[in-house]
């Protein structure tokens, strides 16, 4: 075989793969060789008797794409080899199978081999259903080459490379197998579609698998973004710092005696509230939601907030009214110190007769107001203090000395006992109370955000800026500023006094489903359907962290009170705890069997509460996990998970919202569901 045929085969292969620069460089090199002296040409021709094996391989590169059966055959061999590898390296080699499987399927579809693609997909999908079920369900709808461009998920996969971590030896084993078996198709896909992050030493832990494979990579290199500095400390001259400086602390005994100032009101609120058209009595949910705080923890042990570094605010902070400041300081003085030995009391608000119309719930910081957003575009607010004034029998039965109190938000058969806010023209998906309870924000599918006054019971402003439904809205910890997230893939920062957004955060590859403020108001976090969480600098609008590890869309976020850690919950029921400074996942929290809709840290940051569609609230021990050094965590593998302290089941109420009050009483809300 002469050199000219080989050149044509190489050029044809480069054209087919779209390697334009390589093709131009190759052609220039060939042109230079042709223009060289005749003696040099003669030497070249003498040396052009290329080894037959090399010739065979070069031709196979240009001809291998002719038959679809090669994908099936080579993938089957690669799969068998990976599963038969040594146990020490097997879990790293198996990571390659899923991205190769997906790209084999999409290549077959792109070339028009639809039947072969479906047969291939159905043959091996069971291998990946455990960890990638959501992705596979989306890709089932790909039935023609045009779908690869039209479907956002498939299009983004084909445009980006997959990042896979593995040790050097596993990487060498893989390359050795591909070359010896002459798996040209697999080698081409791996070269084009996978970016290996090879590390020296022993293979990583199996428990790290959630972090090592990222199917949809972001437009920017996450590792470069995560090198940016994050100032995670608390604001200078905060109320907590002032309280520490003045030494205005009270003994624990007084704190526990004083706490019912909030709790006593809650215990008396066992009346029902109107949330539907027909009256219905609902039995009290399980009494034993959580153990009462029996132990007494000292302030020196529990206060992680006081040890946090101090930072200056990047936003102009609003002034706090004197009476509000005094009220907050009083709450902080009387805060119950929680720990794994002293769990919080829980007050659960249950909506009844919502007829599946309740989309979201929100609880004010002191638990005195509860808001619900409905599919009929209405927003309803209940004042808990007024519930006890209603006449008529209570629909709740049970001992009044229970540590957990419960309030049914439904119909009472009497006059309306909630405030109705109307103005949106589409379902209301999120609501958020201001820190002092005087304002309420709502976000809707009509692409607007509305600001309501809880004292005037009126709509004050309608904020327009998003182009599609707004999924979430959250007031900042200081009020005045708020953040929103939308189907338009952006998050936006607003102030109450301006109708246009102050900042637009763009970078997610899909819907931004939830948003959360950092404790110092200098950052916001966003969770997306692209399975990543991002941290954004409020002042510059830049992304400063990308957190990769979730395997489904992120639905909830929470920041620790000291600002160092973040928790995120996803559609599969997994909660992950992240270190903001390093961008690493400290530990996954596994226990929920369905979507995690709400997360909340206790006031001193020692406990994390998670609320789920599986009708449970779980309490997690944060302090034990975050104190363990990273080296110890990596050695221990799966033993480094956060300890679940207690699971609080409801009979049939998915948990929509959680809120720790300033005094560390835990409030929760959800809609009673017969189907649950």
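Every residue number used here counts from 1 along the chain in the order it is shown.
Placement of Cβ uses the backbone N, Cα and C atoms for every residue, glycine included.
Positions annotated as region 'Disordered' by TrEMBL: 27-50 (among others).
Summarising the annotation, TrEMBL assigns compositional bias 'Low complexity' to 30-49.
The domain 'TFIID subunit TAF5 NTD2' annotation in TrEMBL covers 66-194.
Per TrEMBL, the feature region 'Disordered' maps to 243-307 (among others).
Feature annotation from TrEMBL assigns compositional bias 'Basic and acidic residues' to 252-274.
Residues or ranges marked as compositional bias 'Polar residues' by TrEMBL: 295-307.
Among the features that TrEMBL reports, repeat 'WD' is placed at 351-384 (among others).
Annotation comment: TrEMBL describes 421-453 (among others) as repeat 'WD'. For the repeat 'WD' (421-453), DSSP puts the residue distribution at 0 helix, 20 strand, 13 coil.
Residues 315, 317-318, 320, 426, 429-436, 439, 441-451, 510-517, 519, 521, 524, 526, 528, 536, 538, 541 of the same chain lie 6 or more positions beyond the ends of the repeat 'WD' (463-504) yet place their CB under 8 Å from a CB of it. The annotation repeat 'WD' is assigned in TrEMBL to 463-504 (among others).
Summarising the annotation, TrEMBL assigns repeat 'WD' to 505-546 (among others). Residues 152-153, 156, 216, 218-220, 222, 225-226, 228-235, 311, 313-315, 317, 471-478, 481, 483-487, 489-493, 552-563, 566, 568, 570, 578, 580, 583 of the same chain lie 6+ residues outside the repeat 'WD' (505-546) yet bring a C-beta within less than 8 angstroms of a C-beta in it.
Per TrEMBL, repeat 'WD' is recorded for 547-588 (among others).
Counting residue by residue with DSSP, the repeat 'WD' (589-630) contains 7 helix, 19 strand, 16 coil. TrEMBL lists 589-630 (among others) with the feature repeat 'WD'.
Within the chain, the repeat 'WD' (421-453) has long-range Cβ neighbours (under 8 A, six or more residues past its boundaries) at 321, 324, 359-366, 368-369, 371-381, 459-464, 466-475, 477-479, 482, 484, 486, 494, 496.
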